[in-house]
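Structure first, commentary second.
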Amino acid sequence: MTPAKPTACLALADGTLFYGQGFGATGQTEAELCFNTAMTGYQEIMTDPSYAGQVVTFTFPHIGNVGVNPEDDETGDPVASGMVVKWMPTDPSNWRAAQDLSRWLASRGRIAIGGVDTRRLTRAIRQAGAPHVALAHNPDGTFDIEALVASARSFAGLEGMDLAKDVTCAQSYRWNEKRWAWPDGYTPQTDPKFKVVAVDYGAKRNILRCLASAGCDVTVLPATATADDVMAHNPDGVFLSNGPGDPAATGEYAVPMIRNVLEKDLPVFGICLGHQMLALALGAKTVKMNHGHHGANHPVKDLETGKVEITSMNHGFAVDAQTLPDGVVETHTSLFDGSNCGIRVEGKPVYSVQYHPEASPGPQDSYYLFERFAEAMASRTG
Ligand SMILES: NC(=O)CC[C@H](N)C(=O)O
């Protein structure tokens, strides 16, 4: 059989090329490339705001076969820049499917390429680190390769990039969705007990659902909120969300706010970018990882109980545990590479994790962290 003529090309900044079949939108995009090992949840991954500025290659070969639906978006807007898959998506086969993946991507201006040797690509990412890439989809199959490689090289990179301001909410709002956080087990909130301000650096909806399910009445504030903006809501606790880009860049405006909030002695809980910025506010440093952690089966050890949680991960930066100041305890580490996965402030209800206890997609082992936040607020409010 003659292979189909390529209609898409992925160019790495080192000049390596991957040809395949384009789907989704046509055109060209530049980004950093990462790989995600999750076997389910491609829609949640593509709509996780933390993927801004990145093209995602999926190591699981069958992507797209359950289509997409209106409920599984982690935010209202398109976020990841594009996707790379092994097999072209087949027609969706699932009772929840409302649209097929290709049309959905096209309607959101997102480019995708199928038919790529994603194992070779993943090895290249592991060996040389997350590359800068240009991804082009052109149905007539003509590509100016030199220009494409030059575009990949011209991508500025995520280091030093504050992307939270691009994906945060424009205005504050109250989270009042009446929906179960999990398919089973946890009830939607009808009688919230705690007032929580969630600072939105690119928050996933399931985090807000989990907070609500743990008893919180959640008010979401834009990333640039000041400590005065936060305190004006008279919160029982403050939540710092996940988000894209370099934590050090976002920290330029977030760290002063967090330091002020820490002086109020309120319970503070952070996830992912929120974890990194809490660590920065406490005086630690963050580093860029070689290829980061992106998947739904990452083992994390709770150093205080010895228990292992299987977690969802999506980060390309990490807190350098060597830089944690006195009084800040490392609570969790990755069993893949020993990198920091959690901290807490000694004697205070202030803690954060690098991974995603809200899952979506992924295992629900770490939901207890939301309950811990609620308990900290309960013991304060009496
Ligand atoms: N999921 C996140 O919040 C990601 C945090 C940060 N942008 C990183 O890549 O490390």
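Glycine residues also receive a Cβ, built from the backbone N, Cα and C atoms like all the rest.
If you look up TrEMBL, you'll see 1-194 marked as region 'CPSase'. Taken from TrEMBL, the feature domain 'Carbamoyl-phosphate synthase small subunit N-terminal' covers 6-136. Annotated L-glutamine binding site per TrEMBL: SER50, GLY243, GLY245, LEU273, GLN276, ASN314, GLY316, PHE317, in sequence order. Annotated active site, nucleophile per TrEMBL: CYS272, in sequence order. The feature active site is assigned by TrEMBL to HIS356, GLU358.
Here the features listed in TrEMBL are placed on the structure.
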residue: SER50; record: L-glutamine binding site; contacts (Cβ under 8 Å, 6+ apart): VAL79, GLY202, LYS204, ASN242, GLY243, PRO244, CYS272, LEU273, ASN314, HIS315
residue: GLY245; record: L-glutamine binding site; contacts (Cβ under 8 Å, 6+ apart): ALA52, GLY53, LEU158, MET161, ASP162, LEU163, ALA164, LEU273
residue: GLN276; record: L-glutamine binding site; contacts (Cβ under 8 Å, 6+ apart): PRO247, GLY251, GLY270, THR286, HIS315, PHE317, ALA318, VAL319, GLN354
residue: HIS356; record: active site; contacts (Cβ under 8 Å, 6+ apart): LYS204, ASN242, ILE271, CYS272, THR311, SER312, MET313, ASN314, GLY362, SER366
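Spacing of GLY316 (L-glutamine binding site) relative to GLU358 (active site) is 19 Å (Cα to Cα, whole number). Neighbour counts were taken as the number of other C-beta atoms within 10 angstroms of each residue's C-beta; across the recorded positions CYS272, LEU273, the minimum falls on CYS272. In the domain 'Carbamoyl-phosphate synthase small subunit N-terminal' (6-136), helix, strand and coil residues by DSSP number 26 helix, 42 strand, 63 coil. The record assigns SER50, GLY243, GLY245, LEU273, GLN276, ASN314, GLY316, PHE317 to the L-glutamine site; their largest pairwise CA distance measures 13 Å. For the recorded L-glutamine site, residues SER50, GLY243, GLY245, LEU273, GLN276, ASN314, GLY316, PHE317 set the reference point as the centre of their Cβ atoms, and the other residues of that chain within 8 Å of it by Cβ are GLY202, ASN242, PRO244, ASP246, PRO247, CYS272, HIS315.
Ligand 1 lies within reach of CYS272, LEU273, GLY316 from the recorded positions CYS272, LEU273, GLY316, GLU358, judged by a C-beta closer than 6 angstroms to any of its atoms. Sparsest Cβ environment among the binding-site residues GLY243, GLY316 (other Cβ atoms counted within 10 Å): GLY316.
The local packing around ASN314 (L-glutamine binding site), expressed as other Cβ atoms within 10 Å of its Cβ over all shown chains, amounts to 28. Packing around PHE317 (L-glutamine binding site) is summarised by its Cβ count: 20 other Cβ atoms lie within 10 angstroms of its Cβ, all protein chains included. When secondary structure is read from DSSP and collapsed to three states, LEU273 (L-glutamine binding site) falls in the helix class. Within the model, the domain 'Carbamoyl-phosphate synthase small subunit N-terminal' (6-136) carries an average pLDDT of 96.
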